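Some notes on the structure that comes next.
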């Protein structure tokens with residue numbers, strides 16, 4: 001069982017202490033103040049980057065260089081000398097990129113990046129005793145690991161595989177030449193994503209730096225105008241303002257709900273020994289709902305930073321309005337109204353789902369669902385609670401798929417039946433996610449077992465019975481069209 005850090009160490013920071021007076025004034029841990037300050041500075045820098053370093057005014061080399069320098073400054077401000085881990089990993093993997101053969105470049109990069117990340121996860125927990133509440137260097141290291149492995153696989157696709165062996169998406173994203181050192185550093189360490197992500201594709205990033213990003217996306221959706229130079233350049237301001245409003249609301253909800261419904265309530269003596277079964281399920285749902293706004297805040301703010309810089313355009317919707325969701329990491333409305341486990345996971349931590357698809361789900365020849373869950377758990381860290389969550393997610397995913405394939409079609413014959421089905425499946429989905437994700441925030445073995453014992457392991461038992469006794473109706477779409485999000489569990 002992972003040792004929990006002492007309370008006095010749970011919020012310590014390794015970064016700058018210049019905002020310590022503000023931290024004391026607000027009553028918010030310094031590491032979190034540094035994180036938010038860096039993201040707000042990044043937002044300001046993003047506006048400046050889009051206006052004053054527009055591709056029409058600055059060369060790609062200048063944009064790459066400034067994006068990298070700002071990113072390095074922000075990560076050092078937040079994490080101090082621990083930022084060296086990011087620089088070491090990026091430089092090591094660039095060495096792999098330029099020296100390894102294209103037939104093995106993806107394998108070597110994957111094992112070096114994941115190996116280094118795992119060693120850092122172990123050291124920060126078992127040696128340095130950093131708590132889960134500490135905003136430390138492992139977060140950026142996780143994002144960099146995604147980027148390193150994504151790029152390595154895409155270079156392998158572009159240089160080491162035949163075009164006919166690639167799926168349509170792999171062909172679109174294949175990288176046909178190894179990146180220069182400046183491009184590599186900029187892609188991994190740029191100020192927009194180095195603190196909070198998300199992972200993005202190398203071709204999209206380079207197109208953004210070179211000023212081809214928006215035009216490329218418009219041409220992908222067959223935008224018909226007088227020519228390439230006459231294509232419009234939509235403003236991201238509407239999307240940025242909307243996302244900043246969501247960010248502010250998420251922050252207020254987090255500050256309110258996390259204090260009213262702390263995770264520790266799930267191991268409280270009253271909850272475990274005195275509350276009735278239905279009360280336990282209700283409080284489990286409420287506590288897990290209260291834990292979500294912090295993710296909404298961090299991911300939506302990161303999305304706004306990219307959009308403010310002009311990155312994240314994704315074409316036009318059916319009404320002809322600009323879409324700025326290329327790098328969005330979640331869809332809050334679809335999460336909160338999801339009527340299936342699959343739908344929920346498809347809209348949570350979207351870019352990590354895309355990464356899992358790229359490096360695991362579409363690549364492995366056996367047991368893609370199980371191996372994707374295990375990779376996701378390993379990427380998150382070595383707390384036992386992560387593995388409880390992801391291993392619980394496997395039977396829940398399989399059981400949900402079996403129920404849907406066997407019964408859903410019976411409820412589509414009338415509107416009333418469909419509404420009833422949607423209401424029931426919404427309630428079951430939200431409860432199943434809360435049950436499955438609880439160990440993720442509890443971390444250790446003892447509180448996880450205590451929680452599951454208090455609710456009699458009911459979902460584990462139900463899922464196993466469904467898998468054992470419901471007839472299997474195989475659903476076998478093409479490998480390239482399978483979504484990893486249907487097998488990916490809720491991530492941090």
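Cβ coordinates are placed from backbone N, Cα and C, and glycine is handled just like the others.
Among the features that Swiss-Prot reports, transmembrane segment is placed at 33-53, 69-89, 125-145, 179-199, 237-257, 296-316, 370-390, 423-443, 452-472, with the record citing sequence analysis. Taken from Swiss-Prot, the feature active site applies to 349, 380, supported by similarity to another entry. Positions annotated as phosphoserine by Swiss-Prot: 486.
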Distance [Cα-Cα, Å, rounded] between residue 380 (active site) and residue 349 (active site): 12
Chain residues outside the transmembrane segment (452-472) and at least six past its termini with a C-beta under 8 angstroms from it: 271-273, 277, 280-281, 284, 392, 395-396, 398-399, 402-403, 406, 432, 435-436
Chain residues in Cβ proximity to the transmembrane segment (179-199) (below 8 Å; excluding those fewer than six residues from its ends, i.e. six or more beyond): 35, 38-39, 42, 45-46, 61, 64-65, 67-68, 70-75, 78, 86-87, 90, 94, 97, 139-140, 143-144, 146-148, 150-151, 205-206, 209, 298-299, 301-303, 305-306, 309, 311, 327, 329, 350-352, 354-355
Positions whose Cβ lies under 8 angstroms from the transmembrane segment (423-443), at least six residues beyond its ends: 2, 4, 132, 263, 266-267, 281, 284-285, 287-289, 291, 337-341, 343-344, 380, 383-386, 388-389, 392-393, 396, 400, 451, 455, 459, 489-490, 492
Residue 380 (active site): secondary structure state under DSSP, collapsed to three categories: helix
Residue 349 (active site), number of other Cβ atoms within 10 Å: 23
Other CB atoms, at most 10 A from the CB of residue 380 (active site): 22
